[in-house]
């Protein structure tokens with residue numbers, strides 16, 4: 001019998017913290033299903049969701065300001081355990097009779113917290129804990145039925161608890177890795193206080209997804225746009241496991257892929273895994289549509305429109321295809337809901353976030369829409385996809401279309417593909433590939449004088465780009481060894497006829513973006 005992986009669940013109310021999705025990912029890592037909703041959710045929605053516990057996230061607002069966000073009163077009337085983090089602790093204190101004040105000393109960074117009392121939250125943890133603080137306000141008076149369970153030198157109430165009602169608040173962020181035992185605190189809350197078990201595993205997620213796809217589509221056929229990226233690849237494997245040859249994958253080679261990528265996709269999914277794939281070689285069609293266009297945003301739109309047109313044409317050839325499978329993941333759903341309503345809300349509503357035509361008369365199959373990217377990768381491994389494919393660096397949707405600056409020509413793409421392949425190969429050879437978050441090569445539409453043998457040449461310039469980042473919102477340029485960069489440069493100039501100069505991009509984000517276009 002299939003495990004009901006949604007049987008136990010945690011609700012996270014989002015007050016706007018940059019770390020809120022990280023809280024959700026941590027709960028999933030513990031093995032428990034959770035959803036992320038906006039703080040101003042309706043009481044009826046919480047009641048219908050029936051959570052085993054509620055977490056109130058951090059946020060940028062001040063509890064002391066008029067009209068700042070508050071948790072719905074039902075959170076405290078529902079009888080379920082509640083865990084307030086940073087702003088979540090402050091609003092809990094304020095709403096239950098305590099006091100919050102703006103602090104003269106803003107605490108940001110590492111802090112040593114002294115545990116001052118026994119609590120289920122700090123079970124099996126030592127008296128001093130290294131934590132990550134990020135707050136201006138602080139609780140100066142806790143509600144009368146709470147006790148202090150931790151403090152710092154500058155924060156008298158670093159944590160508070162009402163053990164009887166199972167309410168807990170911490171002024172720090174247990175979800176970030178900087179809080180050394182933060183994961184243990186979250187485990188104590190989710191597993192011990194809320195009584196959840198670890199039902200949410202890669203194997204059980206796959207089992208659930210396969211059963212749902214079978215139930216949803218019955219004997220109908222399904223079509224999927226397979227790009228070779230992580231999300232569509234995992235959807236392909238799940239759907240194939242569920243319905244076999246009733247799945248048709250459409251792989252569009254737009255001429256903007258990495259070196260040999262089209263062959264690799266066909267070899268892996270067609271030959272190795274035996275999926276039914278329609279391979280559309282549309283390089284010339286994309287190049288014709290892009291001819292003369294140099295504006296980055298317009299290039300993106302053209303690439304998107306041509307892909308949609310081709311996919312539409314191919315889907316019409318499959319008369320029995322009633323369903324469209326998409327690689328929508330949970331952050332897409334949250335972002336899509338937030339952009340439409342101003343708030344992240346329930347996962348069940350269907351947003352077509354893939355940009356495919358609205359007049360496509362097909363049902364949507366989205367087996368990943370509850371999953372974060374790290375979860376998608378883990379189930380990909382479980383399904384037999386290679387590690388190197390699942391954990392390779394991000395590649396933009398428009399591909400080389402935004403890595404060839406200015407107008408796109410086949411000559412430029414071919415040169416860039418070969419130069420980029422050398423850079424990536426050398427990163428692997430030097431054991432540096434997994435030490436940077438993203439690395440790639442950019443083609444610059446400018447010529448530079450070079451010397452080859454006794455002759456001069458006047459050829460193109462490429463830039464190498466490598467960054468280190470945690471969340472891709474900000475990034476540092478990677479300080480790769482000079483000897484390594486020299487080796488890559490020499491190989492590119494000697495092996496790629498048409499490139500005379502290699503430069504290295506040392507811009508951080510901000511002010512620069514990671515991609516050049």
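Here the Cβ of each residue, glycine as well, is placed from N, Cα and C on the backbone.
As recorded in Swiss-Prot:
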- 9-199: domain 'Glutamine amidotransferase type-1' (DOMAIN)
- 86: active site, nucleophile (ACT_SITE)
- 173: active site (ACT_SITE)
- 175: active site (ACT_SITE)
- 200-392: domain 'GMPS ATP-PPase' (DOMAIN)
- 227, 228, 229, 230, 231, 232, 233: ATP binding site (BINDING)
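For the pair formed by residue 173 (active site) and residue 86 (active site, nucleophile), distance between Cα atoms is given as 7 Å, rounded to the nearest Å. In this structure the alpha carbons, written CA, of residue 175 (active site) and residue 86 (active site, nucleophile) are 11 Å apart. Note: the ATP site is recorded as 227, 228, 229, 230, 231, 232, 233; in the same chain, 226, 234, 235, 236, 327 also have Cβ atoms within 8 Å of that site's Cβ centroid.
Looking only at other Cβ atoms within 10 Å, the busiest spot among the binding-site residues 227, 232, 233 turns out to be 233. The two recorded residues, residue 230 (ATP binding site) and residue 86 (active site, nucleophile), show a Cα separation of 34 Å. Look at residue 175 (active site): DSSP puts it in coil. Secondary structure at residue 86 (active site, nucleophile), as computed by DSSP, is coil.
Under 8 Å, Cβ to Cβ, and six or more positions away along its own chain, residue 231 (ATP binding site) finds 327, 328, 329, 368, 376. Cβ neighbour count for residue 230 (ATP binding site): 22 (other Cβ atoms within 10 Å of its Cβ, all protein chains included). A count of other CB atoms within 10 A of each Cβ picks out 228 as the most crowded of the binding-site residues 228, 229.
Following the DSSP three-state reduction, the secondary structure of residue 232 (ATP binding site) is helix. Across the domain 'GMPS ATP-PPase' (200-392), mean pLDDT in this model comes to 89. Secondary structure at residue 227 (ATP binding site), as computed by DSSP, is coil. On a Cα basis, residue 229 (ATP binding site) lies 37 Å away from residue 86 (active site, nucleophile).
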